[in-house]
Amino acid sequence: MTYTVRTYGCQMNVHDSERIAGVLEDEGYVKSGSDDADVVVLNTCAVRENADNRFYGNLGQLLQKKNNGRIRQIAVGGCLAQKDRHKIFEKAPWVDVVFGTHNLGSLPALLRRSRHNKTAEIEIKDFLETFPSSLPVRRESNYSAWVSISVGCNNTCTFCIVPSLRGKERDRRPGDILAEISALVSEGVLEVTLLGQNVNTYGVEFGDRSAFASLLRKAGAIEGLERLKFTSPHPAAFTSDVIDAMHDTQAVLPQLHMPLQSGSDRILRAMRRSYRAGKFLKIISEARNKIPNIAITTDIIVGFPGETEEDFQDTLNLVAEVRFASAFTFQYSPRPGTPAASMPNQIPGDIVQERYERLLDLQNRIALEENRKLIGKEVELLVTVGGRKDSMLDNRYTGRTPCGRLVHFSCLHQLRPGDFATVKIIYAAPYHLIGDNALTVRRTPAGDVWIQKNDTRSAQLVSLGMPRIR
C-alpha cells in the first residue's frame, strides 16, 4: 500500500512526520510519488485558528478523492487531533483514524484495525509513554537532520496551547542524542538541528542546568559534523554558558532564534513570558559581543489582548534597536482553552492588521539593509534542494550561509545537495541574496548519498564535474 504525509505547523511536526513515515515504511508501506495514496496522513497544527480552518478545508477535498477510490484511508494526527479528538469524526465522518502526539507508533495498528473492522478508530494518550526517538525515521534530506533532545514544555504562556497538547518537558539522555548524531554523520549528514520546545531548559528532568551548553560542545566535537543549530530557546532561561559554547564550538553556526513575542513589558507580563525587554536586550548584546557575525531572528505576536498603541510602539522600538535578520510575525489568534482567549480587551481585527503591516514594513526594511551589508563578501554555502525540479540541470542552485541566509547562485559545474560552494554576493533583497558564479566547490559525502538516491542520468551529469555543453 502507498502512503503520503501532509504536514502542517512547526519543526516539531516536520520531524514527527519523518517518524510517521518511518513507522509506516517499517510496516511495508511505500511512499507515494503524488499527493494521492492509499493512505493519506494529515499531521496537524493547533497553534493558530487559520491552521484549523485550512485543515478542515483540506479534509473536505479529500472526501471527493476517497469517494472516487483514489484514497482508501485518511488518518489525522498531530496537535489538532490531540485537541479535537472525537470532534474530528463529527465534522468529517469520512476520516478513518485519529491519533495523538504521544502515540505515533500506534498508527499502523490503527490503520489495520480500521480496515478489518470497517470502523473509525481513535487512540489519544494524555502522556508520553516512550520517547519517540525510539521510532524508525524516514528522513527526506541527505545532508540535514532534525535531532530531538526534548519534547513538551513546562512554560505557561497565556496564548499557547502547546503544553496542554505536548505535555510536560521530557528530556533524552545526552548519550542517546550523541549516538544518534554520530550515526547520522556516518550516513553522510553534515548539518544537525537540535530540536525542542524550549531547548535551553534541557536537562531539567535529570537535574543538570548546564546540560544544554555541554551538549552543544560534545555534539560539535563529533568528527564530520560541519553545521550544528538549535531551535527554539526561551529568553527567560537563556544563560551565558550557551553563548560561550556557541562561541567556542566551531560547528555551531552563528545564528540565534530568540522569540521576543512583544517589546512591551506590560504585554510580556500578561503573556506570562517570565522575562522583560531589558533581559531580552541583554541576551542579544552578549551574543553579539561574543559572536559579532551572529544573525538574530525572532517571533513576534501582534494584537495580543489589551495591547495599546504605546505597547505596540515599544515592540517597534525594540525591533529597530535589535535589527533582526528576519522575524516570524503573527497576528494574535485566540485558542480556546488558553487564558488569553478569555481576556478582556480583545483587539479588533482591523487594528491588528494595521499594526501587523507596520511591523512588516519596518522588519522588511531592516532585513534589506542588513542583507546589503553582505554585498561584495564571499560566503560558503551549503547547497540545498531548490524549489524548481529543473534548476540543477540549468546550473542554478540554492544554498544557505552559516548565518542562515538564503542565497541563489549559478555554477558551471554540477553540484549536489549537500555539497559546499563559495560565492561572492552581488545582490540583496529582504529575504534572499544572489551570488555570482561559484568561486570554489567542495564535494561531500552528503552529495554522494544524494547521487545514490537519485536517477542514473543525474548521477552521470554530476560525476563528470565538467561544465555542461549546450
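For all residues, glycine too, the Cβ spot is worked out from N, Cα and C.
Marked as [4Fe-4S] cluster 1 binding site by Swiss-Prot: Cys10, Cys45, Cys79. Around the Cβ of Cys10 ([4Fe-4S] cluster 1 binding site), the number of neighbouring Cβ atoms within 10 Å comes to 17.
A simple way to gauge crowding: the CB of Cys153 ([4Fe-4S] cluster 2 binding site) has 21 other CB atoms within 10 angstroms, across all the protein chains here. The secondary structure of Cys153 ([4Fe-4S] cluster 2 binding site), as reduced to three states from DSSP, is coil rather than helix or strand. Among the features that Swiss-Prot reports, [4Fe-4S] cluster 2 binding site is placed at Cys153, Cys157, Cys160.
For the domain 'MTTase N-terminal' (1-116), DSSP puts the residue distribution at 60 helix, 23 strand, 33 coil. What Swiss-Prot lists as domain 'MTTase N-terminal' is 1-116, and the listing cites sequence analysis.
When averaged over the domain 'Radical SAM core' (139-369), pLDDT in the model lands at 96. The annotation domain 'Radical SAM core' is assigned in Swiss-Prot to 139-369 on the grounds of sequence analysis.
If you look up Swiss-Prot, you'll see 372-439 marked as domain 'TRAM'.
Annotation note: Cys160 ([4Fe-4S] cluster 2 binding site) sits in a coil segment as assigned by DSSP. Neighbour list (Cys160 ([4Fe-4S] cluster 2 binding site), Cβ cut-off 8 Å, at least 6 residues apart, same chain): Val47, Cys153, Arg335, Thr338. The [4Fe-4S] cluster 2 site is set by Cys153, Cys157, Cys160; from the centre of their CB atoms, other residues of the chain with a CB within 8 Å are Asn155, Thr156, Phe159, Ile161, Val162, Pro163, Gln197.
Taking the mean position of the Cβ atoms of Cys10, Cys45, Cys79 as the [4Fe-4S] cluster 1 site, the remaining residues of that chain whose Cβ falls within 8 Å of it are Tyr8, Gly9, Met12, Asn13, Thr44, Ala46, Val47, Ala51, Gly78, Leu80, Val162.
Each residue contributes its Cα atom, and for Cys157 ([4Fe-4S] cluster 2 binding site) and Cys10 ([4Fe-4S] cluster 1 binding site) these two points are 17 Å apart.
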